[in-house]
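*Asks:* Here it is: the structure, laid out below.
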Amino acid sequence: MFSARQIFAQVQRRGFAASARQSSKVTVLGAAGGIGQPLSLLLKLNPRVSQLALYDIRLAPGVAADIGHINTKSEVRGYDPTPSGLAEALKGSEIVLIPAGVPRKPGMTRDDLFNTNASIVRDLAKAAADHAPEANILIISNPVNSTVPITAEVFKSKGVYNPKRLFGVTTLDVVRASRFISQLKNTDPANENITVVGGHSGATIVPLLSQAGFNLEGEQLDQYVHRVQFGGDEVVQAKDGAGSATLSMAMAGARFAESLLKAAQGQKNVIEPTFVDSPLYKDQGVEYFASNVELGPNGVEKIHPVGKITDYEQKLLDVCLKDLAGNINKGIKFVKENP
Ligand code: NAD
Ligand code: LMR
């Protein structure tokens, strides 16, 4: 256990380290939503962030006024839902997080969100390509397996696509996988780091428990994998029509943004699983894939292969790859037909 004094000293050290770097503007599109608000709060607490730009089709100036009173150094600004407001929110941004869009209700899959969220993400991606073409773009809006390819297609159509700067945020799967194994094994979840590969929905979420040295078997293994793959449904059902995971997602999104900022500052060995344009399974028609990715000042530094896995995990991966190809192609086709 850390004492309050130790925690305070750690925060001060982090603040000092952060003050030594150039300033980092971070933009949240969808900042007034269930994820957007706590995510913006966590980013306001991050000393590596110097400017926080909040944009939404409603309430962003209010959220910014509220968060802006917190006594950390970053400047917070909320933008009106106009083309110029969106442009200003994006200009000069180093990281753009996109949690804009509708969440699931019980009985829905993430793919059921496609019809609404595909055009929201496409239009925000167009603005990002125009006003922040060099930013790291972090896609949270579901279905991530399709919204990441949608964003890539938009950037390609505008001639500014950089595959090293586009990330589907799958951190919540890693957070869950680590938490759930700690509950089974009675360990400290902070010390668990289970690699999760594939994509971000149902069977495309593949936790690689064996790589962390765990060997669950039989029903216990099936139940664990199912819980990681369908952890989102647990929250959707518990919220009973009021949405999906927001608070744990805000933590996961803030963690991923923090990792990118650390890597941009020159910290080495910053590794997060994330859904990126990946060479790993392109020969099987899968253009994007989540695996451990080393982050650096240019975004993606190195994409790690999946590595040694068990026969059981290989079977999960085979199913994942089949589903993923369909989700990805759906996103690509959407932009081609609805530019
Ligand atoms: P929410 O409805 O609470 O918030 C969404 C926000 O987006 C709202 O404030 C809305 O006004 C805003 N918005 C809608 N259209 C917009 C536009 N064109 N421009 C800017 N803002 C716009 O939903 P939520 O719970 O915050 O979830 C948001 C999305 O994140 C959903 O698609 C959900 O499925 C997804 N999600 C992803 C993960 C993940 O792990 N990647 C986890 C949880 C939720
Ligand atoms: C999650 O994993 O919690 C999110 O993708 C939201 C959802 O729809 O489950």
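Even glycines carry a Cβ here, placed using N, Cα and C.
TrEMBL entries are annotated by machine, without manual review.
According to TrEMBL:
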{"type": "DOMAIN", "residues": "25-168", "note": "domain 'Lactate/malate dehydrogenase N-terminal'"}
{"type": "BINDING", "residues": "GLY30, ALA31, ALA32, GLY33, GLY34, ILE35, GLY36, ASP56, ASN117, ILE140, SER141, ASN142, MET249", "note": "NAD(+) binding site"}
{"type": "BINDING", "residues": "ARG104, ARG110, ASN142, ARG176", "note": "substrate binding site"}
{"type": "ACT_SITE", "residues": "HIS200", "note": "active site, proton acceptor"}
*Asks:* Among ARG104, ASN142, ARG176, HIS200, these being the recorded positions, pick the one whose CA is nearest to that of ASN117 (NAD(+) binding site).
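*Replies:* Minimum Cα distance from ASN117 (NAD(+) binding site) across ARG104, ASN142, ARG176, HIS200 lands on ASN142.
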*Asks:* Looking at NAD(+) and its recorded binding residues GLY30, ALA31, ALA32, GLY33, GLY34, ILE35, GLY36, ASP56, ASN117, ILE140, SER141, ASN142, MET249, figure out the farthest C-alpha pair and report it in angstrom, whole number.
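*Replies:* Among the residues the record ties to NAD(+), max Cα distance equals 18 Å.
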*Asks:* Including all protein chains shown, what's the count of other C-beta atoms within 10 A of the C-beta of SER141 (NAD(+) binding site)?
*Replies:* 30
*Asks:* Around the substrate site recorded as ARG104, ARG110, ASN142, ARG176, what other same-chain residues have a C-beta within 8 angstroms of the site's C-beta center?
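*Replies:* Along the chain, the qualifying residues are PRO103, PRO143, VAL144, HIS200, SER201, GLY232, ASP233, VAL236, SER244, ALA245.
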*Asks:* Considering only the recorded positions ALA32, GLY34, GLY36, HIS200, MET249, which fall within 10 Å of ARG110 (substrate binding site) when distances are taken between Cα atoms?
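*Replies:* Among ALA32, GLY34, GLY36, HIS200, MET249, the ones whose Cα sits within 10 Å of that of ARG110 (substrate binding site) are HIS200.
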*Asks:* Where MET249 (NAD(+) binding site) and HIS200 (active site, proton acceptor) are concerned, what is their Cα separation in Å, rounded?
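*Replies:* Between the alpha carbons of MET249 (NAD(+) binding site) and HIS200 (active site, proton acceptor) there are 13 Å.
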*Asks:* Checking proximity to ligand 2 here: which binding-site residues out of GLY30, GLY34, GLY36, ARG176 have their Cβ closer than 6 Å to it?
*Replies:* none
*Asks:* What are the DSSP helix, strand and coil residue counts for the domain 'Lactate/malate dehydrogenase N-terminal' (25-168)?
*Replies:* 64 helix, 26 strand, 54 coil
*Asks:* Restricting to the same chain and to sequence separations of six or more, state which residues have a Cβ under 8 Å from that of HIS200 (active site, proton acceptor).
*Replies:* ARG110, ASN142, PRO143, VAL144, ASN145, GLY168, VAL169, THR170, LEU172, ASP173, PHE275, ALA290
*Asks:* Any of the binding-site residues SER141, ARG176, MET249 with a C-beta atom under 6 A from ligand 1? Give them in order, or none.
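*Replies:* SER141, MET249, by Cβ distance under 6 Å.
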*Asks:* Widest Cα span across the substrate binders ARG104, ARG110, ASN142, ARG176, in Å?
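*Replies:* Between the most distant Cα atoms of the substrate site, 18 Å.
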*Asks:* Take the domain 'Lactate/malate dehydrogenase N-terminal' (25-168) and average the pLDDT across it for me.
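*Replies:* Across the residues of the domain 'Lactate/malate dehydrogenase N-terminal' (25-168) the model's pLDDT averages 98 on the 0 to 100 scale.
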